[in-house]
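According to Swiss-Prot:
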BINDING   114-122, K131, G197, 221-223, D400, 406-409  FAD binding site
DISULFID  C122-C127  disulfide bond
BINDING   G258, S259, G260, Y261, I262, G263, L264, E265, E281, G354  NAD(+) binding site
ACT_SITE  H536  active site, proton acceptor
Amino acid sequence: MQSVLSLSFSQASLPLANRTLCSSNAAPSTPRNLRFCGLRREAFCFSPSKQLTSCRFHIQSRRIEVSAAASSSAGNGAPSKSFDYDLIIIGAGVGGHGAALHAVEKGLKTAIIEGDVVGGTCVNRGCVPSKALLAVSGRMRELQNEHHMKAFGLQVSAAGYDRQGVADHASNLATKIRNNLTNSMKALGVDILTGFGAVLGPQKVKYGDNIITGKDIIIATGSVPFVPKGIEVDGKTVITSDHALKLESVPDWIAIVGSGYIGLEFSDVYTALGSEVTFIEALDQLMPGFDPEISKLAQRVLINTRKIDYHTGVFASKITPAKDGKPVLIELIDAKTKEPKDTLEVDAALIATGRAPFTNGLGLENINVTTQRGFIPVDERMRVIDGNGKLVPHLYCIGDANGKLMLAHAASAQGISVVEQVTGRDHVLNHLSIPAACFTHPEISMVGLTEPQAREKAEKEGFKVSIAKTSFKANTKALAENEGEGLAKMIYRPDNGEILGVHIFGLHAADLIHEASNAIALGTRIQDIKLAVHAHPTLSEVVDELFKAAKVDSPASVTAQSVKVTV
(Lines of atoms letter the chains of each structure in order from A and count residues from 1; the text may use other names and numbers.)
(Lines give C-alpha, C1' and ligand atoms only; values in the text may rest on other atoms or scores of the structure.)
Protein backbone atom coordinates (compact mmCIF):
# COMPACT_ATOMS: atom_id res chain seq x y z
CA MET A 1 0.00 0.00 0.00
CA GLN A 2 1.01 3.61 -0.34
CA SER A 3 -0.28 4.40 3.11
CA VAL A 4 0.07 2.78 6.48
CA LEU A 5 -3.66 3.24 6.97
CA SER A 6 -6.04 0.50 5.99
CA LEU A 7 -9.63 -0.45 6.55
CA SER A 8 -11.60 -3.60 6.01
CA PHE A 9 -15.05 -3.05 4.65
CA SER A 10 -16.12 -4.79 7.45
CA GLN A 11 -23.60 -7.57 18.77
CA ALA A 12 -24.88 -10.36 19.63
CA SER A 13 -28.57 -10.19 20.51
CA LEU A 14 -29.77 -11.82 23.66
CA PRO A 15 -31.26 -15.32 23.67
CA LEU A 16 -34.93 -16.13 24.12
CA ALA A 17 -36.74 -14.23 26.84
CA ASN A 18 -38.02 -15.62 30.14
CA ARG A 19 -35.11 -17.97 30.83
CA THR A 20 -33.23 -18.24 34.09
CA LEU A 21 -29.71 -19.59 34.34
CA CYS A 22 -28.48 -20.59 37.78
CA SER A 23 -25.18 -21.98 38.98
CA SER A 24 -24.19 -22.59 42.56
CA ASN A 25 -20.79 -24.14 41.91
CA ALA A 26 -19.18 -21.97 39.27
CA ALA A 27 -15.51 -22.51 38.58
CA PRO A 28 -12.91 -20.07 39.86
CA SER A 29 -11.34 -19.59 36.44
CA THR A 30 -12.36 -17.66 33.38
CA PRO A 31 -14.32 -19.69 30.79
CA ARG A 32 -17.77 -18.59 32.03
CA ASN A 33 -16.79 -15.02 32.76
CA LEU A 34 -18.63 -12.59 30.51
CA ARG A 35 -16.91 -9.67 28.89
CA PHE A 36 -17.78 -7.66 25.81
CA CYS A 37 -15.02 -7.68 23.21
CA GLY A 38 -12.19 -7.50 25.68
CA LEU A 39 -13.72 -5.18 28.26
CA ARG A 40 -12.51 -5.74 31.78
CA ARG A 41 -14.27 -8.57 33.58
CA GLU A 42 -14.42 -6.46 36.75
CA ALA A 43 -17.27 -4.55 35.11
CA PHE A 44 -19.43 -7.64 35.48
CA CYS A 45 -18.57 -8.29 39.15
CA PHE A 46 -16.26 -11.20 38.28
CA SER A 47 -12.89 -11.79 39.86
CA PRO A 48 -10.37 -14.26 38.43
CA SER A 49 -9.21 -15.14 41.94
CA LYS A 50 -12.55 -15.65 43.67
CA GLN A 51 -15.10 -18.39 43.25
CA LEU A 52 -18.51 -17.32 41.97
CA THR A 53 -20.94 -18.51 44.58
CA SER A 54 -24.20 -16.70 44.01
CA CYS A 55 -24.20 -15.09 40.61
CA ARG A 56 -27.63 -15.11 39.01
CA PHE A 57 -28.46 -13.95 35.50
CA HIS A 58 -32.09 -13.25 34.75
CA ILE A 59 -32.76 -12.63 31.07
CA GLN A 60 -36.14 -11.15 30.34
CA SER A 61 -37.40 -8.79 27.66
CA ARG A 62 -33.86 -8.24 26.31
CA ARG A 63 -32.57 -6.96 29.64
CA ILE A 64 -29.69 -8.27 31.76
CA GLU A 65 -29.40 -7.85 35.51
CA VAL A 66 -26.00 -8.66 37.01
CA SER A 67 -25.96 -7.95 40.75
CA ALA A 68 -27.16 -4.43 40.09
CA ALA A 69 -30.34 -2.61 39.23
CA ALA A 70 -30.73 -2.34 35.46
CA SER A 71 -31.06 1.08 33.91
CA SER A 72 -34.30 1.85 32.16
CA SER A 73 -34.11 1.77 28.37
CA ALA A 74 -37.66 2.89 27.73
CA GLY A 75 -37.01 6.19 26.00
CA ASN A 76 -34.49 8.95 26.34
CA GLY A 77 -33.88 9.88 29.98
CA ALA A 78 -33.86 13.26 31.66
CA PRO A 79 -30.59 15.19 31.31
CA SER A 80 -28.33 16.16 34.17
CA LYS A 81 -29.05 19.55 35.66
CA SER A 82 -27.57 22.49 33.74
CA PHE A 83 -27.02 20.43 30.55
CA ASP A 84 -29.25 19.91 27.53
CA TYR A 85 -28.07 16.30 27.25
CA ASP A 86 -26.17 13.75 29.26
CA LEU A 87 -24.34 12.67 26.11
CA ILE A 88 -23.80 14.31 22.73
CA ILE A 89 -22.32 12.22 19.93
CA ILE A 90 -20.87 13.91 16.85
CA GLY A 91 -21.22 11.45 13.98
CA ALA A 92 -23.94 8.85 13.37
CA GLY A 93 -21.85 6.05 11.90
CA VAL A 94 -21.64 2.56 13.34
CA GLY A 95 -19.57 3.78 16.30
CA GLY A 96 -21.88 6.66 17.13
CA HIS A 97 -24.94 4.48 16.68
CA GLY A 98 -23.61 1.80 19.03
CA ALA A 99 -22.74 4.40 21.64
CA ALA A 100 -26.14 6.09 21.35
CA LEU A 101 -28.14 2.91 21.82
CA HIS A 102 -26.06 1.83 24.79
CA ALA A 103 -26.34 5.29 26.33
CA VAL A 104 -30.13 5.27 26.17
CA GLU A 105 -30.19 1.78 27.65
CA LYS A 106 -28.18 3.24 30.52
CA GLY A 107 -30.76 5.97 31.03
CA LEU A 108 -28.80 8.85 29.49
CA LYS A 109 -30.55 11.59 27.56
CA THR A 110 -28.71 11.34 24.28
CA ALA A 111 -28.34 13.35 21.08
CA ILE A 112 -26.47 12.37 17.95
CA ILE A 113 -25.41 14.90 15.33
CA GLU A 114 -24.98 13.97 11.67
CA GLY A 115 -24.09 16.28 8.79
CA ASP A 116 -24.40 13.63 6.06
CA VAL A 117 -26.46 10.44 6.37
CA VAL A 118 -26.95 8.03 9.24
CA GLY A 119 -24.70 4.98 9.03
CA GLY A 120 -21.47 6.70 8.06
CA THR A 121 -18.84 5.00 5.93
CA CYS A 122 -19.65 1.42 6.90
CA VAL A 123 -23.32 1.46 5.97
CA ASN A 124 -23.24 3.83 3.01
CA ARG A 125 -19.78 3.59 1.45
CA GLY A 126 -18.04 0.64 3.05
CA CYS A 127 -18.86 -2.58 4.90
CA VAL A 128 -22.47 -2.95 3.83
CA PRO A 129 -22.54 -2.24 0.07
CA SER A 130 -19.19 -3.97 -0.43
CA LYS A 131 -20.56 -7.15 1.15
CA ALA A 132 -23.47 -6.99 -1.28
CA LEU A 133 -21.06 -6.80 -4.23
CA LEU A 134 -18.95 -9.60 -2.77
CA ALA A 135 -22.04 -11.77 -2.38
CA VAL A 136 -22.57 -11.37 -6.12
CA SER A 137 -18.93 -12.05 -6.96
CA GLY A 138 -18.95 -15.20 -4.84
CA ARG A 139 -21.93 -16.63 -6.66
CA MET A 140 -20.57 -15.63 -10.06
CA ARG A 141 -17.24 -17.22 -9.28
CA GLU A 142 -18.91 -20.48 -8.26
CA LEU A 143 -21.17 -20.60 -11.31
CA GLN A 144 -18.22 -19.90 -13.60
CA ASN A 145 -16.16 -22.72 -12.09
CA GLU A 146 -17.12 -25.64 -14.32
CA HIS A 147 -14.82 -28.05 -12.48
CA HIS A 148 -16.39 -27.09 -9.14
CA MET A 149 -19.93 -27.56 -10.44
CA LYS A 150 -19.06 -30.86 -12.12
CA ALA A 151 -17.74 -32.20 -8.81
CA PHE A 152 -21.27 -31.81 -7.44
CA GLY A 153 -22.79 -33.43 -10.51
CA LEU A 154 -24.26 -30.11 -11.61
CA GLN A 155 -24.44 -28.68 -15.11
CA VAL A 156 -24.74 -24.91 -15.40
CA SER A 157 -24.99 -22.87 -18.57
CA ALA A 158 -22.85 -19.75 -19.00
CA ALA A 159 -23.47 -17.32 -16.14
CA GLY A 160 -24.06 -13.65 -16.84
CA TYR A 161 -25.02 -10.56 -14.87
CA ASP A 162 -26.84 -7.26 -15.15
CA ARG A 163 -24.49 -4.50 -13.97
CA GLN A 164 -27.27 -2.17 -12.90
CA GLY A 165 -29.02 -4.99 -11.07
CA VAL A 166 -25.83 -5.75 -9.15
CA ALA A 167 -25.37 -2.05 -8.33
CA ASP A 168 -28.98 -1.80 -7.18
CA HIS A 169 -28.51 -4.77 -4.86
CA ALA A 170 -25.68 -2.92 -3.10
CA SER A 171 -27.54 0.39 -3.00
CA ASN A 172 -30.78 -1.17 -1.75
CA LEU A 173 -28.98 -3.01 1.04
CA ALA A 174 -27.28 0.20 2.18
CA THR A 175 -30.63 2.00 2.21
CA LYS A 176 -32.27 -0.79 4.19
CA ILE A 177 -29.55 -0.91 6.85
CA ARG A 178 -29.43 2.89 7.06
CA ASN A 179 -33.18 2.99 7.68
CA ASN A 180 -32.85 0.24 10.29
CA LEU A 181 -30.20 2.23 12.17
CA THR A 182 -32.24 5.42 12.00
CA ASN A 183 -35.41 3.71 13.18
CA SER A 184 -33.64 1.93 16.02
CA MET A 185 -32.41 5.25 17.41
CA LYS A 186 -35.78 6.93 16.95
CA ALA A 187 -37.53 4.04 18.69
CA LEU A 188 -35.35 4.50 21.77
CA GLY A 189 -35.79 8.25 21.77
CA VAL A 190 -32.32 9.32 20.65
CA ASP A 191 -32.50 12.88 19.34
CA ILE A 192 -31.08 12.85 15.80
CA LEU A 193 -29.85 16.37 15.01
CA THR A 194 -29.00 17.37 11.45
CA GLY A 195 -25.95 19.50 10.77
CA PHE A 196 -22.18 19.50 10.95
CA GLY A 197 -21.14 19.26 14.59
CA ALA A 198 -18.20 21.12 16.10
CA VAL A 199 -16.89 21.56 19.64
CA LEU A 200 -17.23 25.18 20.80
CA GLY A 201 -15.65 24.63 24.19
CA PRO A 202 -15.87 22.37 27.23
CA GLN A 203 -19.16 20.43 27.12
CA LYS A 204 -20.53 22.69 24.37
CA VAL A 205 -21.30 21.76 20.76
CA LYS A 206 -22.54 23.69 17.74
CA TYR A 207 -24.43 22.26 14.79
CA GLY A 208 -25.76 24.58 12.13
CA ASP A 209 -26.91 27.71 13.94
CA ASN A 210 -27.69 25.80 17.13
CA ILE A 211 -25.66 25.46 20.32
CA ILE A 212 -26.27 22.68 22.84
CA THR A 213 -24.54 21.47 25.97
CA GLY A 214 -23.76 17.96 27.13
CA LYS A 215 -22.24 16.51 30.26
CA ASP A 216 -20.10 14.26 28.03
CA ILE A 217 -19.24 14.44 24.34
CA ILE A 218 -18.09 11.71 21.96
CA ILE A 219 -16.45 12.52 18.64
CA ALA A 220 -17.21 9.75 16.13
CA THR A 221 -16.66 11.39 12.75
CA GLY A 222 -14.98 8.47 11.00
CA SER A 223 -12.75 8.64 7.95
CA VAL A 224 -12.58 9.26 4.20
CA PRO A 225 -10.58 7.58 1.43
CA PHE A 226 -6.90 8.54 1.50
CA VAL A 227 -5.59 9.74 -1.87
CA PRO A 228 -1.80 10.23 -2.17
CA LYS A 229 -0.36 13.31 -3.81
CA GLY A 230 -0.05 13.22 -7.58
CA ILE A 231 -3.24 11.23 -8.10
CA GLU A 232 -6.13 13.01 -9.80
CA VAL A 233 -9.51 11.49 -8.95
CA ASP A 234 -12.29 12.24 -11.44
CA GLY A 235 -14.84 9.78 -10.04
CA LYS A 236 -15.20 8.04 -13.40
CA THR A 237 -11.93 6.50 -14.52
CA VAL A 238 -9.82 7.24 -11.44
CA ILE A 239 -11.92 6.36 -8.44
CA THR A 240 -11.93 5.66 -4.71
CA SER A 241 -13.93 3.00 -2.92
CA ASP A 242 -16.76 5.54 -2.56
CA HIS A 243 -17.19 5.56 -6.34
CA ALA A 244 -16.42 1.88 -6.90
CA LEU A 245 -19.28 0.77 -4.68
CA LYS A 246 -21.75 2.41 -7.09
CA LEU A 247 -20.47 0.05 -9.81
CA GLU A 248 -21.19 2.57 -12.57
CA SER A 249 -18.94 0.57 -14.88
CA VAL A 250 -16.96 -2.67 -15.07
CA PRO A 251 -13.72 -1.77 -16.91
CA ASP A 252 -11.88 -4.32 -19.00
CA TRP A 253 -8.61 -3.49 -17.22
CA ILE A 254 -8.38 -1.77 -13.87
CA ALA A 255 -5.33 -0.96 -11.78
CA ILE A 256 -5.78 -1.16 -8.02
CA VAL A 257 -3.33 0.92 -6.00
CA GLY A 258 -2.86 -0.87 -2.66
CA SER A 259 -3.23 -4.58 -1.84
CA GLY A 260 -4.77 -4.34 1.61
CA TYR A 261 -8.32 -5.23 2.62
CA ILE A 262 -10.01 -2.77 0.27
CA GLY A 263 -7.89 -3.61 -2.75
CA LEU A 264 -8.22 -7.37 -2.27
CA GLU A 265 -11.99 -7.25 -1.90
CA PHE A 266 -12.45 -5.14 -5.02
CA SER A 267 -10.10 -7.39 -6.99
CA ASP A 268 -12.43 -10.24 -6.07
CA VAL A 269 -15.45 -8.30 -7.34
CA TYR A 270 -13.89 -7.03 -10.57
CA THR A 271 -12.29 -10.31 -11.65
CA ALA A 272 -15.53 -12.21 -11.01
CA LEU A 273 -17.34 -9.73 -13.26
CA GLY A 274 -14.77 -10.09 -16.03
CA SER A 275 -12.13 -7.40 -15.45
CA GLU A 276 -8.39 -7.85 -15.58
CA VAL A 277 -6.64 -6.38 -12.53
CA THR A 278 -3.16 -4.99 -11.93
CA PHE A 279 -2.07 -4.40 -8.33
CA ILE A 280 0.34 -1.58 -7.51
CA GLU A 281 1.92 -2.10 -4.08
CA ALA A 282 4.51 0.16 -2.43
CA LEU A 283 5.99 -2.57 -0.25
CA ASP A 284 8.00 -5.52 -1.50
CA GLN A 285 5.19 -8.03 -0.99
CA LEU A 286 1.46 -8.14 -1.59
CA MET A 287 -0.93 -8.10 1.37
CA PRO A 288 1.65 -6.66 3.78
CA GLY A 289 -0.79 -6.33 6.67
CA PHE A 290 -1.46 -10.04 6.95
CA ASP A 291 0.55 -12.83 8.57
CA PRO A 292 3.26 -13.70 6.01
CA GLU A 293 2.33 -17.38 5.80
CA ILE A 294 -1.33 -16.55 5.25
CA SER A 295 -0.37 -13.92 2.66
CA LYS A 296 1.65 -16.48 0.73
CA LEU A 297 -1.23 -18.94 0.57
CA ALA A 298 -3.79 -16.23 -0.19
CA GLN A 299 -1.65 -14.91 -3.04
CA ARG A 300 -1.48 -18.36 -4.58
CA VAL A 301 -5.27 -18.80 -4.40
CA LEU A 302 -6.67 -15.28 -4.78
CA ILE A 303 -4.18 -13.74 -7.20
CA ASN A 304 -2.03 -16.24 -9.08
CA THR A 305 -5.02 -18.25 -10.34
CA ARG A 306 -6.96 -15.20 -11.54
CA LYS A 307 -6.56 -12.54 -14.20
CA ILE A 308 -4.36 -10.47 -11.90
CA ASP A 309 -0.81 -9.23 -12.26
CA TYR A 310 1.09 -6.94 -9.93
CA HIS A 311 3.95 -4.51 -9.40
CA THR A 312 5.53 -4.43 -5.93
CA GLY A 313 8.02 -2.00 -4.44
CA VAL A 314 6.67 0.90 -6.50
CA PHE A 315 4.66 4.08 -5.95
CA ALA A 316 2.07 5.43 -8.34
CA SER A 317 3.65 8.89 -8.41
CA LYS A 318 1.12 10.30 -10.85
CA ILE A 319 -2.22 9.09 -12.17
CA THR A 320 -4.05 11.00 -14.89
CA PRO A 321 -7.70 10.19 -15.67
CA ALA A 322 -8.78 9.07 -19.13
CA LYS A 323 -9.74 11.95 -21.40
CA ASP A 324 -10.07 12.75 -25.09
CA GLY A 325 -9.94 9.09 -26.02
CA LYS A 326 -6.72 8.48 -24.11
CA PRO A 327 -6.52 5.81 -21.36
CA VAL A 328 -5.71 6.30 -17.69
CA LEU A 329 -1.98 6.98 -17.40
CA ILE A 330 -0.08 5.69 -14.34
CA GLU A 331 3.53 6.66 -13.74
CA LEU A 332 5.42 4.28 -11.43
CA ILE A 333 8.57 5.06 -9.46
CA ASP A 334 10.77 2.87 -7.28
CA ALA A 335 9.50 3.08 -3.69
CA LYS A 336 13.04 3.33 -2.30
CA THR A 337 15.11 5.21 -4.89
CA LYS A 338 12.21 7.24 -6.34
CA GLU A 339 13.61 6.57 -9.81
CA PRO A 340 11.11 6.11 -12.69
CA LYS A 341 10.20 2.43 -13.17
CA ASP A 342 7.35 2.04 -15.62
CA THR A 343 4.26 3.59 -17.17
CA LEU A 344 0.90 1.84 -17.35
CA GLU A 345 -2.07 2.60 -19.58
CA VAL A 346 -5.31 1.14 -18.22
CA ASP A 347 -9.05 1.68 -18.53
CA ALA A 348 -9.52 2.68 -14.88
CA ALA A 349 -7.69 2.98 -11.58
CA LEU A 350 -9.01 2.36 -8.07
CA ILE A 351 -7.17 4.12 -5.26
CA ALA A 352 -7.23 1.69 -2.33
CA THR A 353 -4.46 3.20 -0.21
CA GLY A 354 -6.39 3.21 3.05
CA ARG A 355 -8.41 5.76 4.98
CA ALA A 356 -7.69 9.19 6.45
CA PRO A 357 -9.45 10.55 9.57
CA PHE A 358 -12.27 13.03 8.99
CA THR A 359 -11.41 15.55 11.71
CA ASN A 360 -11.20 18.93 9.97
CA GLY A 361 -13.61 21.62 11.11
CA LEU A 362 -14.42 20.00 14.45
CA GLY A 363 -13.38 23.05 16.48
CA LEU A 364 -10.53 21.19 18.14
CA GLU A 365 -8.58 24.44 18.41
CA ASN A 366 -11.23 25.65 20.85
CA ILE A 367 -10.09 23.02 23.35
CA ASN A 368 -6.37 23.08 22.52
CA VAL A 369 -6.34 19.69 20.78
CA THR A 370 -3.77 19.10 18.05
CA THR A 371 -4.26 16.17 15.71
CA GLN A 372 -1.48 13.74 14.83
CA ARG A 373 -1.54 13.07 11.07
CA GLY A 374 -5.20 14.02 11.31
CA PHE A 375 -6.00 11.60 14.14
CA ILE A 376 -7.33 12.86 17.46
CA PRO A 377 -4.99 11.69 20.26
CA VAL A 378 -6.67 9.60 22.96
CA ASP A 379 -5.61 7.42 25.88
CA GLU A 380 -6.55 3.77 26.41
CA ARG A 381 -10.01 4.85 27.60
CA MET A 382 -10.67 6.95 24.46
CA ARG A 383 -10.33 10.18 26.46
CA VAL A 384 -9.07 13.04 24.28
CA ILE A 385 -5.60 14.43 25.03
CA ASP A 386 -4.88 18.12 24.45
CA GLY A 387 -1.75 19.80 23.12
CA ASN A 388 -0.17 19.87 26.59
CA GLY A 389 -0.60 16.15 27.10
CA LYS A 390 -3.51 16.60 29.51
CA LEU A 391 -6.92 14.96 29.33
CA VAL A 392 -9.77 17.13 28.07
CA PRO A 393 -12.55 16.65 30.65
CA HIS A 394 -15.71 14.93 29.42
CA LEU A 395 -14.47 14.58 25.82
CA TYR A 396 -13.93 11.25 24.06
CA CYS A 397 -13.11 10.14 20.53
CA ILE A 398 -13.93 6.74 19.04
CA GLY A 399 -13.51 4.93 15.75
CA ASP A 400 -11.47 5.85 12.71
CA ALA A 401 -10.99 9.42 13.96
CA ASN A 402 -8.64 8.22 16.71
CA GLY A 403 -6.76 5.72 14.52
CA LYS A 404 -6.42 2.97 17.13
CA LEU A 405 -8.09 0.32 14.99
CA MET A 406 -9.91 1.41 11.84
CA LEU A 407 -12.72 -1.12 11.85
CA ALA A 408 -16.45 -0.47 12.19
CA HIS A 409 -16.95 -2.99 14.97
CA ALA A 410 -13.97 -1.56 16.84
CA ALA A 411 -15.65 1.86 16.74
CA SER A 412 -18.85 0.37 18.16
CA ALA A 413 -16.94 -1.43 20.92
CA GLN A 414 -15.08 1.76 21.79
CA GLY A 415 -18.37 3.67 21.95
CA ILE A 416 -19.91 1.13 24.30
CA SER A 417 -16.77 1.23 26.44
CA VAL A 418 -17.01 5.02 26.72
CA VAL A 419 -20.66 4.85 27.76
CA GLU A 420 -19.75 2.33 30.44
CA GLN A 421 -17.17 4.78 31.73
CA VAL A 422 -19.45 7.82 31.83
CA THR A 423 -22.01 5.75 33.72
CA GLY A 424 -19.52 4.82 36.41
CA ARG A 425 -17.73 1.66 35.27
CA ASP A 426 -14.04 1.65 34.41
CA HIS A 427 -13.62 -0.07 31.06
CA VAL A 428 -10.46 -0.59 29.05
CA LEU A 429 -10.87 -2.24 25.66
CA ASN A 430 -8.34 -4.89 24.64
CA HIS A 431 -7.83 -4.09 20.97
CA LEU A 432 -5.80 -7.26 20.43
CA SER A 433 -9.00 -9.22 21.02
CA ILE A 434 -10.87 -7.49 18.17
CA PRO A 435 -10.97 -9.61 15.00
CA ALA A 436 -10.66 -8.41 11.41
CA ALA A 437 -11.69 -10.03 8.16
CA CYS A 438 -11.22 -9.70 4.43
CA PHE A 439 -14.29 -11.00 2.58
CA THR A 440 -12.64 -12.44 -0.49
CA HIS A 441 -13.47 -15.92 -1.77
CA PRO A 442 -12.15 -17.69 0.25
CA GLU A 443 -12.07 -15.30 3.20
CA ILE A 444 -9.17 -14.19 5.37
CA SER A 445 -9.53 -13.45 9.08
CA MET A 446 -7.23 -12.65 11.95
CA VAL A 447 -7.06 -11.62 15.59
CA GLY A 448 -4.11 -10.69 17.77
CA LEU A 449 -0.48 -10.71 16.67
CA THR A 450 1.11 -11.99 13.47
CA GLU A 451 3.98 -14.46 13.83
CA PRO A 452 6.70 -11.78 13.33
CA GLN A 453 5.00 -9.50 15.87
CA ALA A 454 4.69 -12.33 18.39
CA ARG A 455 8.33 -13.34 18.00
CA GLU A 456 9.44 -9.75 18.47
CA LYS A 457 7.35 -9.52 21.64
CA ALA A 458 8.73 -12.85 22.88
CA GLU A 459 12.30 -11.73 22.38
CA LYS A 460 11.72 -8.53 24.34
CA GLU A 461 9.83 -10.19 27.20
CA GLY A 462 11.76 -13.45 27.38
CA PHE A 463 9.30 -16.21 26.55
CA LYS A 464 9.00 -18.83 23.82
CA VAL A 465 6.53 -18.89 20.95
CA SER A 466 5.01 -21.97 19.33
CA ILE A 467 2.90 -22.40 16.21
CA ALA A 468 -0.06 -24.72 15.64
CA LYS A 469 -1.67 -25.28 12.23
CA THR A 470 -4.52 -27.20 10.73
CA SER A 471 -5.74 -27.56 7.15
CA PHE A 472 -9.24 -27.28 5.74
CA LYS A 473 -8.38 -30.38 3.69
CA ALA A 474 -8.85 -32.41 6.88
CA ASN A 475 -12.31 -30.95 7.56
CA THR A 476 -15.32 -33.02 6.48
CA LYS A 477 -17.67 -30.07 5.97
CA ALA A 478 -15.12 -28.17 3.86
CA LEU A 479 -14.60 -31.25 1.70
CA ALA A 480 -18.38 -31.70 1.35
CA GLU A 481 -18.49 -28.14 0.02
CA ASN A 482 -15.52 -28.94 -2.26
CA GLU A 483 -13.67 -26.09 -0.51
CA GLY A 484 -10.65 -27.81 1.00
CA GLU A 485 -8.21 -25.00 0.22
CA GLY A 486 -7.46 -23.29 3.50
CA LEU A 487 -5.27 -22.98 6.57
CA ALA A 488 -5.74 -22.04 10.22
CA LYS A 489 -2.72 -20.93 12.21
CA MET A 490 -2.31 -20.10 15.89
CA ILE A 491 0.61 -18.38 17.59
CA TYR A 492 0.78 -19.13 21.32
CA ARG A 493 2.92 -19.44 24.43
CA PRO A 494 3.68 -23.12 25.19
CA ASP A 495 4.56 -22.35 28.81
CA ASN A 496 1.13 -21.06 29.86
CA GLY A 497 -1.23 -21.59 26.91
CA GLU A 498 -1.80 -17.90 26.15
CA ILE A 499 -3.17 -17.30 22.65
CA LEU A 500 -1.16 -14.54 20.96
CA GLY A 501 -2.78 -14.59 17.53
CA VAL A 502 -4.94 -16.65 15.19
CA HIS A 503 -5.06 -16.36 11.40
CA ILE A 504 -7.43 -18.22 9.08
CA PHE A 505 -7.68 -18.47 5.30
CA GLY A 506 -10.54 -20.55 3.98
CA LEU A 507 -14.27 -21.03 3.68
CA HIS A 508 -16.17 -18.78 6.14
CA ALA A 509 -12.95 -17.71 7.86
CA ALA A 510 -14.65 -14.46 8.89
CA ASP A 511 -17.12 -16.42 11.01
CA LEU A 512 -14.64 -18.95 12.38
CA ILE A 513 -12.32 -16.36 13.91
CA HIS A 514 -14.67 -15.40 16.72
CA GLU A 515 -14.03 -18.42 18.90
CA ALA A 516 -10.38 -17.36 18.99
CA SER A 517 -11.14 -13.66 19.49
CA ASN A 518 -13.47 -14.42 22.38
CA ALA A 519 -10.84 -16.67 23.95
CA ILE A 520 -8.31 -13.83 23.79
CA ALA A 521 -10.87 -11.37 25.18
CA LEU A 522 -11.70 -13.66 28.08
CA GLY A 523 -8.11 -14.64 28.75
CA THR A 524 -9.02 -18.29 28.20
CA ARG A 525 -6.01 -20.58 27.89
CA ILE A 526 -5.59 -23.22 25.20
CA GLN A 527 -5.50 -26.06 27.73
CA ASP A 528 -9.03 -25.10 28.79
CA ILE A 529 -10.65 -24.30 25.45
CA LYS A 530 -9.28 -27.43 23.76
CA LEU A 531 -11.67 -29.43 25.96
CA ALA A 532 -14.71 -27.76 24.35
CA VAL A 533 -16.97 -29.87 22.13
CA HIS A 534 -17.81 -28.88 18.55
CA ALA A 535 -20.65 -30.23 16.43
CA HIS A 536 -19.67 -32.64 13.68
CA PRO A 537 -19.38 -32.16 10.78
CA THR A 538 -18.94 -28.39 10.90
CA LEU A 539 -16.32 -25.89 9.80
CA SER A 540 -15.90 -24.96 13.47
CA GLU A 541 -13.90 -28.17 13.83
CA VAL A 542 -11.08 -26.41 11.96
CA VAL A 543 -10.63 -24.20 15.02
CA ASP A 544 -11.22 -27.14 17.35
CA GLU A 545 -8.40 -29.08 15.70
CA LEU A 546 -6.21 -25.98 15.83
CA PHE A 547 -6.55 -25.78 19.62
CA LYS A 548 -6.00 -29.53 19.98
CA ALA A 549 -2.83 -29.33 17.87
CA ALA A 550 -1.20 -26.96 20.37
CA LYS A 551 1.31 -28.42 22.84
CA VAL A 552 1.05 -26.66 26.19
CA ASP A 553 3.13 -27.39 29.29
CA SER A 554 0.45 -26.35 31.81
CA PRO A 555 -2.51 -28.65 32.56
CA ALA A 556 -6.13 -27.62 32.21
CA SER A 557 -7.25 -25.31 34.99
CA VAL A 558 -10.95 -26.21 35.07
CA THR A 559 -13.12 -29.23 35.61
CA ALA A 560 -16.60 -29.83 34.27
CA GLN A 561 -19.29 -28.07 36.27
CA SER A 562 -22.96 -28.93 36.34
CA VAL A 563 -25.22 -26.07 35.41
CA LYS A 564 -28.94 -26.15 36.06
CA VAL A 565 -31.00 -24.54 33.33
CA THR A 566 -34.64 -23.72 34.00
CA VAL A 567 -36.81 -23.04 30.96
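Glycine too: its Cβ is placed from the backbone N, Cα and C atoms.
Summarising the environment of C127 (disulfide bond), the number of other Cβ atoms within 10 Å of its Cβ, over all protein chains shown, is 23. Secondary structure at L264 (NAD(+) binding site), as computed by DSSP, is helix. A Cα-Cα distance of 20 Å separates L264 (NAD(+) binding site) from H409 (FAD binding site).
Overall, the recorded NAD(+)-binding residues G258, S259, G260, Y261, I262, G263, L264, E265, E281, G354 cover a maximum inter-Cα distance of 15 Å. By the criterion of other Cβ atoms within 10 Å of the residue's own Cβ, the least surrounded of the recorded positions H409, H536 is H536. Looking at V117, C122, I262, L264, M406, the recorded positions in this record, the fewest other C-beta atoms within 10 angstroms of the C-beta turn up around V117. When the binding-site residues G120, G222, M406, H409 are compared by Cα distance to I262 (NAD(+) binding site), the shortest distance belongs to M406. Cβ-based crowding with a 10 Å cutoff singles out G222 as the top-ranked of the binding-site residues G222, G260. Residue environment of G120 (FAD binding site) contains 30 other Cβ atoms, counted within 10 Å of its Cβ in all protein chains. Under the three-state DSSP scheme, V117 (FAD binding site) falls in the coil class. For G222 (FAD binding site), the spatially nearest entry among the recorded positions C122, C127, G258, G260, E281 is C122, judged by CA separation. In this structure the C-alpha atoms belonging to V117 (FAD binding site) and H536 (active site, proton acceptor) are separated by 44 Å.
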